[in-house]
Amino acid sequence: MSHHIVAVKNLRHVYPDGTTALRDVSFRIHHGESVAIIGANGAGKSTLLLHLNGYLVPTSGEIQIGDFPLTKGTLPQIRRTVGMVFQEPDDQLFMPTVYDDVAFGPLNLGLTGDDLDRCVIEALERVGARHLVEKAPYHLSGGEKRRVAIATVLSMSPDILVLDEPTNGLDPYSRRQLIALLKEFRHTRIFTSHDLDMVLDLCERTIVLKDGEVRADGPTLEIFQDEELLEECRLEKPLSLQGCPVCGGRR
Amino acid sequence: MASIDAALLDFQRLDRLAAGSSALHRLDPRAKVLVVLVFLVSVISFGRYQLSALLPFFVFPAVLIGCADLPAGYLARKVALVCPFALVVGIFNPLVDTEIMVHLGPVAISGGWLSCASILVRALLTVSAALILVATTGFPAICRALEQLGMPKVFAVQLLFLYRYLFVLAEEGGRAARARELRSFGNKGQGMASYSSLIGSLLLKTWQRAERIHMAMLARGFTGAFQVRQHYRFGRPEFLYLCSWSALFVLLRLFNPAELFGAFLTGLFS
Amino acid sequence: MHMADALLSPAVGGTMWAASAGTIAYCSAKVKRDLDDRKVPLMGVLGAFLFAAQMINFSIPGTGSSGHLGGGLLLAILLGPHAAFLTIASVLLVQALFFADGGLLALGCNIFNMGFFPAFVVYPLVYRNLMGTRPSRSRETWVTVFCAMIGLQLGPLAVVLETVASGIAELPFETFLLLMLPIHLAIGLVEGVVTSAIVSFVRKARPELLEPAAAASFATWSLRRVLVGFLLLAVATGGVVSAFASKDPDGLEWAIARITGGSELQPRGPLHQTLARLQGKVVLFPDYDFPKSASKTEPAAPAKVEHSLPVHSGTSLAGMVGSLVVLLLVVLSGLILKKRNLRKVYGIH
């Protein structure tokens with residue numbers, strides 16, 4: 001299907017206290033693309049993400065998800081289409097057991113009985129967490145929590161996945177596993193992260209935000225080789241690109 | 001803040017016991033909750049000076065600990081920790097009530113001591129019943145049972161949230177308290193002023209967390225009504241469990257096997 | 001302080017359970033009607049917060065002891081009465097289950113003592129009235145302290161009343177009151193100081209958090225309705241209980257006559273009589289209802305013991321022996337069951 005696009009046009013957001021978090025953001029993400037949104041702290045990444053499923057309402061500008069413009073009327077449809085995985089899995093996993101948590105979305109969509117069971121188990125199997133089904137979220141490790149958090153969204157079969165800092169706070173092994181998992185997905189994917197090596201691994205395209213505006217938008221490799229741009233946006237070349245003779249790294 | 005960590009560990013240990021797989025664990029939580037209620041009412045319905053008639057009731061915790069394979073020593077320690085609070089009030093009974101009620105050979109026992117001992121036994125029984133209920137059922141299941149028994153849904157859901165974030169927040173609070181302790185020396189820095197701002201910022205962080213949770217709920221199609229799956233069945237084993245224990249408690253309430261036994265045994269020897 | 005199961009009679013426990021359950025139902029309906037779907041997670045998380053906060057201590061100046069937050073008034077200020085009551089109730093439920101603070105039957109008492117007074121008496125009637133619309137800082141401080149102190153006098157007062165009405169503990173009413181109230185005056189002072197400091201901390205950082213609760217229209221008629229509901233409930237429960245107690249008035253009178261008329265023993269004080277009478281009234285299954293057990297010499301009914309003491313002092317020995325045997329059997333049965341379980345688990349290997 002070709003309509004799983006995310007289009008943001010002249011998005012501007014001013015918080016009630018007067019802070020302008022987003023000045024003028026426009027981009028268009030196509031079906032099946034994997035895109036990273038990077039930028040320094042306070043560049044507006046989180047604010048932007050919260051617009052994508054309608055939690056925040058734009059001060060001005062437009063957002064289109066799939067075939068629908070984001071309005072109050074299309075909100076339920078859009079929240080079903082956009083699966084949002086939050087930065088802190090403890091906020092995402094709020095039910096007493098993993099099962100209940102993964103079932104929360106489908107239940108709200110009206111699934112019951114065997115359909116619900118199947119949906120939950122499928123989602124957990126997809127992230128390799130089938131064995132955790134009856135566990136309580138606070139007994140899970142950091143990596144397990146991430147996987148389950150992703151399953152809670154997958155169970156609603158979204159078309160677009162939005163992940164906020166997915167590798168934050170994971171040990172190298174869990175991080176590696178998670179990246180491998182995310183690589184398998186065929187959804188349209190949008191990440192925010194400070195883990196630029198992950199971005200290099202997962203995303204062919206990167207959008208750089210600076211002070212609430214799109215500073216750069218292009219192929220990931222190109223952006224990471226533009227040292228001036230990186231420095232200006234308080235970013236750094238991914239470690240895997242540093243000191244590499246082929247790509248011309250200096251350090 | 002070793003004490004906070006210890007309290008948390010202890011809490012988690014009790015919580016983990018509920019993940020057991022005995023037949024008792026698998027019963028519908030409603031049956032277990034109801035049996036404990038019948039037990040508690042039977043125990044506290046005894047008169048003030050009852051002692052021997054209360055003792056047979058220990059069969060309930062003993063059998064449950066046995067069946068569910070719970071760590072008896074651990075539960076006993078937990079029960080022992082709580083008993084002093086009941087005794088604080090009960091200990092005045094011997095002072096107030098000095099009238100002699102029972103003679104054990106040469107030893108005369110006053111009503112006060114009798115009722116004080118009775119309070120202690122009651123505390124042991126009621127506290128162990130509550131702990132065993134948690135250890136065999138688990139908090140979320142107890143909540144669901146109570147909800148099915150008529151507790152308002154808002155309250156039940158709210159309880160589940162409390163339970164879910166208890167560990168998260170206690171750890172967060174523990175970290176803050178540790179940070180305060182490491183930078184304060186002796187009692188300096190542990191006073192009310194630092195406490196208030198520590199708790200105040202914990203409160204603000206908690207509030208923000210609540211907002212993020214709400215966000216995560218909306219993102220998954222939450223529309224204001226909680227959908228809860230039902231996955232227990234009140235079948236024949238539950239019915240049997242409830243009826244047999246209740247019958248036993250009523251019998252123990254009406255007849256005193258300790259007394260009967262004793263009469264029989266002393267009758268044999270005299 | 002927590003009321004404990006061990007000190008409670010079924011009638012008092014049942015009445016307070018009914019009262020608390022009624023209030024929970026009322027508050028739940030109210031919160032549900034408010035249609036603010038962010039409130040439920042907020043209440044839960046704040047309950048967890050209160051739990052965490054109570055684990056952290058501060059040292060009280062000049063005493064060498066330490067204290068922690070109670071939090072009833074704080075929650076009422078932050079959430080408004082209905083949500084606050086539910087939150088306090090849920091914290092107490094978790095404490096009763098996991099730490100066995102108080103106990104499950106005493107939970108009704110504890111929820112009422114620690115939830116109802118701050119949320120439905122102190123906050124709406126005292127706090128809101130004294131606060132006015134735009135309080136100065138010093139006013140905010142003293143009102144908060146004052147309110148915390150009132151709340152922590154009403155709670156212990158209720159504990160004393162419930163204990164005395166239950167009649168399991170024999171501490172006289174006046175003595176108990178004298179023990180409890182002064183201590184709680186000091187505790188209330190500390191609680192008030194801490195609460196007001198936290199409230200002013202929140203006001204400085206995020207003043208908007210304090211507005212919704214204050215703005216929520218708390219109509220007084222709803223409180224009146226609650227109080228009337230309570231009164232009805234109390235009367236109904238009392239009626240049921242006394243119907244129970246007076247089913248066999250002769251037996252009761254007989255028991256009292258025996259107590260007061262015991263000639264060879266010292267006459268008991270008037271307080272004991274009252275207590276005994278209370279006890280007779282509130283015990284759900286009064287012993288004289290069961291002739292079977294009355295024929296055995298039980299220490300339960302004082303009258304019978306006095307009557308039987310000189311004759312069969314042997315029966316109390318029998319009771320003792322029997323009790324030991326029963327305990328032994330109980331422990332054995334537990335051990336056997338446990339052994340069997342272990343064998344089941346490891347038997348395969």
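Glycine is no exception: its Cβ is also placed from the backbone N, Cα and C atoms.
What TrEMBL lists as domain 'PDGLE' is C:224-339. The transmembrane segment annotation in TrEMBL covers C:41-60, C:72-98, C:104-130, C:142-161, C:181-202, C:223-245, C:317-337.
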For the transmembrane segment (C:181-202), distant same-chain residues with Cβ under 8 A (at least six beyond the ends): 1, 58, 60, 67, 69-71, 73-74, 77-78, 137, 140-141, 144-153, 155-157, 209-210
Chain residues in Cβ proximity to the transmembrane segment (C:142-161) (below 8 Å; excluding those fewer than six residues from its ends, i.e. six or more beyond): 1, 3, 70, 72-73, 77, 109, 112-114, 117-118, 121-123, 126-127, 130-131, 135, 173, 176-177, 180-181, 184-185, 187-189, 191-193, 195-196, 199
Cβ contacts under 8 Å made by the transmembrane segment (C:41-60) with residues that lie 6+ beyond its boundaries: 31, 66-71, 74-75, 78-79, 83, 86-88, 90-91, 94-95, 190, 194
Stretch-averaged pLDDT - the domain 'PDGLE' (C:224-339): 47
